[in-house]
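In TrEMBL this protein carries:
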COMPBIAS  538-547  compositional bias 'Acidic residues'
DOMAIN    37-123  domain 'DUF8040'
DOMAIN    155-304  domain 'DDE Tnp4'
DOMAIN    387-483  domain 'Myb/SANT-like'
REGION    538-557  region 'Disordered'
TRANSMEM  356-376  transmembrane segment
Amino acid sequence: MNITWFFITVCKLLQIYRGGKPRIKNISSDVDRQLIMHKYAYKSDTTCISNLRMTRRCFTKLCDMLQTLGGLRTSRHMDIDEQVAIFHHIIAHNVKNRVMISRFQRSGETISKIVSRVCNAVIRLHPHLLKKPEPVTENSTDQRWKWFKNCLGALDGTHIKCLVPLKDKPKYRTRKNDIATNVLGVCSQDMQFIYVLPGCEGSASDGRVLRDALIRPHGLKVPRPCYYLVDVGYTNGEGFLASSRGHQPTTPKELFNMRHSSARNVIERCFGILKARWRILRDNSYYPIDLKNKIIMACCLLHNYIRQEMTTDPFENHFELDEGNGDVGGGDYDNITSVGVSTEWTTFRNKLAQNIFNLLLLHALFHLIIIFIKIVGVMEKIRNYRNWTITEDAKLVEALVNMVNIGGFKIDNGFKSGYLLHPENALKEKIPNSGILGKPHIESRIKTIKKDWQVVYDMVNGTNTSGFGYDSSTHYVTAEPAVHKEAGKWRNTIFSHYEDLCIIFGKDRAQGNKANDFAQMEEDASNEEQSEQIEDVFEEQTTENEESPNTGSKKRKRVDAVIKGITIAAKVLGEKLEKAANSMNQAILGETEVQKKLHWSRLGELCEFENNE
C-alpha cells in the first residue's frame with residue numbers, strides 16, 4: 001500500500017515539474033529584449049562595429065535586404081533585426097550556443113535555427129553582393145595594376161579549420177596537421193570576392209581545387225583574353241598568369257616578379273581582412289562541415305557588403321602590406337643637416353663592404369654544400385634502385401592488403417612507423433633469396449605505386465567523369481589526358497591492382513564531395529526553408545490543441561516527444577492506480593465495518609448471557 005502511494009506521488013511530482021518548468025525564452029520581457037538590442041546594435045556606431053562588424057545604417061539596410069531579397073521572415077516572438085544580430089555576433093566572435101543563450105535570453109534550439117535561417121538568407125543575396133569582374137584598362141592609373149592590362153583580379157586558396165566526422169579526417173588533414181577545408185577565393189582589384197568555392201578537403205592541392213571550379217556549371221568563368229594573377233603554386237597557362245621564381249629585381253624577369261607580387265597580394269590581404277572580421281573563420285567552430293561551408297560563403301558575401309556600403313573598412317589598415325613611401329615623419333631626432341667627407345664614415349663603409357663580401361662567400365659556400373648533398377642523395381638513390389618485376393609487385397600489393405585487413409598499421413596520413421617489417425617478412429617467405437629490404441626497396445616502391453595510383457584515381461573518379469573508366473577484368477584505363485598533368489602516361493594503358501590499391505590508399509584521397517558553390521547552396525537553402533515551413537505549420541496546429549485555457553497564453557510549448565509520452569503514460573498510470581487504491585480502501589473500510597458490527601453483536605450476546613446467569 002505504501003509503495004503504491006509512493007509511486008503515485010513520484011508520478012504527480014514529475015508531471016508538475018515538467019508542466020511548470022520555466023523556460024529561458026519566457027524570462028525576458030519585450031522591454032528587456034529592446035535593451036539587449038540597444039546594447040548590441042543601436043547604442044552607437046562604435047558599439048555596432050565592435051559587436052556586429054558594421055555601422056547602424058548598414059545593419060538596418062542589411063535587415064531590409066534579407067527580408068525583401070533573402071526571404072528571411074519574422075517569427076512569432078522574434079523580429080528580423082534580432083535574428084541578424086544573433087547571427088552576426090556568432091560569426092564575428094565565434095561564441096558557443098550556451099553563451100548566446102545567456103546574452104540574448106533565447107533557447108538553444110532557437111539560436112541554432114536562427115544560424116541556419118539567416119545564413120541561407122545571406123546566400124540568396126549572392127547575385128547582388130558578388131563583385132562583377134572588370135578587366136584593367138589600358139589607361140589605368142593604379143600603380144599596382146596598370147602593368148597588367150585585361151587582368152580581372154587575383155585568386156588563391158586558404159585553409160579554414162572545420163569539424164568533420166572521424167572517418168573523413170585523413171582527407172581533411174593539411175600539411176600542418178590541421179583538420180581544415182581548402183577554400184578557393186577569387187577577388188577583384190578592390191578586395192571584393194568574385195567567386196568562392198569552400199568545402200574541398202584540406203589535403204587537396206590548390207591546382208586541383210581550381211580545376212574543380214572551372215568545370216562546374218556555375219563555376220569560375222575566365223573570358224578570353226582576360227586572366228587572373230596566381231602564385232607559383234599554380235600552372236602558368238592561358239587565363240592564369242603566374243610569377244617566375246626570383247629574388248631582387250636586377251633583370252626584367254625579376255622586375256616583373258616584383259610588380260606581380262605587389263598586385264597579386266590583394267588576395268592575401270583580402271583573406272587577412274576576412275579572417276580578422278569574422279573570427280569563426282580563424283578558430284575551430286562548433287558546426288558540422290556542411291553548415292560551416294555555408295557560413296564561409298555567407299562571411300565572404302557580408303565582406304563584400306561591408307566594403308560596398310562603408311566608406312572605410314575598419315579592418316583594412318591592420319592587414320594591408322606597408323610597402324613604404326619614403327615619409328619618415330616628425331619627431332625629435334638627431335637628423336643629418338650637412339654633407340661632407342668623414343673619416344669615421346669611410347671606415348664604416350669599408351667594414352660594411354667587407355661584411356657584404358663575407359656574406360656572399362658564405363652564401364656561395366652554402367649553395368656548394370646543398371649541391372654536394374643533392375649529389376650524395378642522387379648517388380644513394382642510384383645505389384638503392386631496384387627494378388621490380390611483375391611478380392614482386394603482385395606479392396608486395398598482396399602483403400599490403402593483408403596488412404590492412406589485419407588492422408593496427410594504418411593512421412590518418414599513411415602507415416605507422418615500423419610497418420615495413422611486415423611486407424619485408426612476407427616477401428622473404430614468398431620470394432626467397434630476392435634480397436628485397438624494407439628500407440630502401442619497399443619504402444621507395446610504395447611511394448611510386450601510390451603516386452601512380454593517385455593519378456589513375458583522379459582520372460577515374462574526377463568531378464567530370466565522362467570519357468573516363470576502368471575495366472576490372474582487363475585492368476584497362478580509359479581517360480582524356482587533360483584530366484591530370486601526368487594522365488598521359490596511363491591513358492589507354494593497363495594499370496594492375498587498382499582495386500587492391502584503393503583498399504590500401506583509398507581513405508587518404510580527397511574527392512571534393514562536400515564542395516558547393518553559390519547555386520548549389522541556394523538550392524539547399526530553399527529545400528531547408530520548405531522543410532522548416534512544414535514543421536512550423538505542424539507545430540502551430542499542435543500548439544493550438546495544447547493551449548491551456550486557464551492561463552490564456554498563446555505562446556507555443558515545445559515539449560520533447562519522449563518526455564511528453566512519458567508524462568502522459570505516468571498520468572494515465574497514476575489515475576489507474578489511484579482508482580484501484582480508492583476501490584481497495586473502500587473494500588477495506590467495508591470489511592472493517594462488518595468486523596465492527598460482528599464484534600458489537602457478539603459483545604451484546606455475551607452481556608445478555610451474563611445477565612441471564
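Glycine is treated like the rest: Cβ placed from N, Cα and C.
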Structural state census, the domain 'DUF8040' (37-123) (DSSP three-state): 65 helix, 0 strand, 22 coil
The domain 'DDE Tnp4' (155-304), counted residue by residue under DSSP: helix, strand, coil: 60 helix, 36 strand, 54 coil
Per-region confidence, the domain 'Myb/SANT-like' (387-483) (mean pLDDT, whole number): 73
